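**Q** There's a structure below that I have some questions on.
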Amino acid sequence: MAPEIHMPEPLCLIGSTEGHLVTNQEALKILSAITQPVVVVAIVGLYRTGKSYLMNKLAGKEKGFSVGSTVQSHTKGIWMWCVPHPQKPDHTLVLLDTEGLGDVEKDDKKNDTQIFALAILLSSTFVYNTMNKIDQGAIDLLHNVTELTDLLRTRNSSDSNQTEGEGPADMSFFPDLVWTLRDFFLDLQANGHAITSDEYLENSLKLKQGSDERTQTFNLPRLCIQKFFPVKKCFVFDAPALGSKLSQLPTLSNEELNSDFVQDLSEFCSHIFTQSKTKTLPGGIQVNGPRLESLVLTYVDAINSGALPSIENTVVTLARRENSAAVQKAIGHYDQLMSEKVQLPTETLQELLDLHRTCEREAIEIFRKHSFKDEGEFFQKELESLLSAKQDEICKKNADASAALCSTLLGSIFKPLEQEVAQEFYHKPGGHKLFLQRMEQLKANYRQQPGKGTQAEEVLQTYLNAKETVSRTILQTDQVLTDKEIQSKAEQERAEAARLEAQRLEAIRIQEEQRKAEMERQHQEQLRQIALEKARVAQEQQWILKQRAQEEADRIKAEQEAQLRALQQQLQHMREMNHHRRHHHDCVIS
């Protein structure tokens with residue numbers, strides 16, 4: 001949902017300076033910010049007939065458009081008030097209050113015609129406000145003699161089939177007509193029957209039969225009005241108040257107003273809110289704030305230049321302006337998307353092209369959303385051409401960014417090699433091989449680094465090509481030093497062979513001496529082992545003899561102990577026998 005436009009009070013949209021119409025930039029800026037479709041209600045009528053009062057009621061405010069209570073006209077030019085539409089979500093109601101027609105104090109009567117024409121051209125509902133009744137003067141004023149048909153040309157200059165008096169080619173562009181009759185005092189009757197206000201309007205615009213000049217003069221404005229305004233509505237208003245209260249009308253509450261007037265006003269506002277259509281261009285293209293702004297500028301420029309504002313040319317001009325703006329909006333959207341999505345350099349060109357195509361599709365969608373009547377896809381082709389140039393530009397930037405990054409990376413990675421070359425580190429036999437190995441190592445390191453972009457190999461190859469001279473110099477130095485080294489190496493090898501032979505012979509001598517020494521050591525060891533064995537055997541024999549002697553002593557001791565025990569037993573036995581005998585003898589005596 002688009003944000004609501006906060007406009008606390010009306011602003012002058014179109015004024016007049018020294019006979020020329022001028023637009024108010026502040027009001028145009030407000031229009032340019034309204035992205036919603038607009039319902040444009042403009043009111044035109046004689047000065048001092050209460051137009052501003054009706055417009056304030058449509059705005060839902062007691063104050064806003066200037067309401068006067070004197071005979072002087074208050075509103076000058078066209079004033080604009082943009083408010084949220086009370087019954088159509090996502091729509092803005094644009095109210096246009098106009099300078100009163102027929103002001104006796106105004107010198108330039110042509111300005112009336114210009115204001116009148118602009119109100120019709122800009123509105124989707126045109127409110128024609130008159131007093132008392134529909135009379136010939138009111139019809140003539142609406143017709144504005146023959147200037148109305150001239151100012152509202154819509155036919156192609158090449159359209160010769162449309163005859164004078166026919167209506168516009170695309171009636172959808174023209175507003176619905178709402179005729180308001182203020183202080184209406186007549187009875188709504190015809191032929192003795194009650195009629196509606198709409199029937200009263202239709203009866204007032206009926207054509208007379210006949211072809212005489214007087215009849216044609218009578219019919220011409222009516223025919224013109226019928227052709228230009230196929231959708232018509234009429235509202236009649238009783239006097240809002242009586243006497244001195246009329247001068248206080250803006251401050252009166254509904255209770256202080258004529259109840260019939262309050263009812264009439266309510267029905268009028270309800271009709272405007274529910275029936276007023278969105279402003280459209282030929283082809284059914286809805287008008288938003290910027291498109292309405294372009295219409296204002298186009299019509300004012302045409303009128304100031306003395307040209308007649310052709311609706312067809314206006315739509316072409318508007319389409320050109322809006323499509324050009326749509327191209328710029330699409331390009332801006334593309335630039336924003338690319339800046340958000342693309343991080344240069346991309347790893348591959350295809351990655352960048354895929355991002356470009358995604359953003360390109362969105363940009364074209366933005367263009368299609370904000371463009372209209374792009375005949376032959378002229379502006380879309382222009383956009384595609386600009387996007388193609390953008391692609392070339394971003395690809396070049398991508399390549400440049402990749403080249404710069406890779407050059408910096410190469411400088412960092414190959415810096416040690418550069419220092420070694422400067423120090424003639426590779427100016428030695430085999431130096432070229434070492435140089436090439438070092439190059440391969442650093443190239444592998446470089447290729448492993450991520451995010452280098454599309455120029456990685458090209459920048460590397462350029463660097464390697466630049467090092468070809470260095471490589472050849474190292475190779476030549478290597479070859480010269482290698483030849484000398486080969487000769488020196490041969491001599492060194494011969495000397496080394498002699499040294500090795502001497503070492504071999506010396507080793508043989510030493511080994512022989514070591515062998516003899518080892519044999520002597522082994523012989524001595526054998527002798528020592530024999531002596532040790534003899535000593536061990538002798539010691540063992542001595543132990544055996546000692547053991548045997550001990551055993552013999554133990555045997556003898558055991559025999560002696562046995563003999564002693566036998567003797568002791570005999571002695572004990574003898575004692576026992578003696579004791580027995582004594583005891584027995586004692587018994588016999590007693």
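The backbone N, Cα and C atoms fix where each Cβ goes, glycine too.
The following feature annotations were taken from Swiss-Prot:
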BINDING   G45, L46, Y47, R48, T49, G50, K51, S52, V67, G68, S69, R182, D183, L246  GTP binding site
DOMAIN    35-277  domain 'GB1/RHD3-type G'
LIPID     C587  S-geranylgeranyl cysteine
MOD_RES   C587  cysteine methyl ester
REGION    1-306  region 'NLRP3-binding'
REGION    1-310  region 'GTPase domain (Globular)'
REGION    529-590  region 'Required for tetramerization, but not for dimerization'
**Q** Count the residues of the region 'Required for tetramerization, but not for dimerization' (529-590) that DSSP assigns to helix (H, G, I), to strand (E, B) and to coil, and report the three numbers in that order.
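**A** The counts are 61 helix, 0 strand, 1 coil.
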**Q** Take the Cβ of K51 (GTP binding site) and count every other Cβ within 10 Å, whichever protein chain it belongs to.
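**A** Taking every protein chain into account, the count is 28.
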**Q** By the DSSP assignment reduced to helix, strand and coil, which category contains Y47 (GTP binding site)?
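**A** Where Y47 (GTP binding site) sits, the three-state DSSP reduction gives coil.
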**Q** Would you report the average pLDDT that the model assigns to the region 'GTPase domain (Globular)' (1-310)?
**A** 80
**Q** G45, Y47, D183: which of these binding-site residues has the highest Cβ count within 10 Å of its own Cβ?
**A** G45
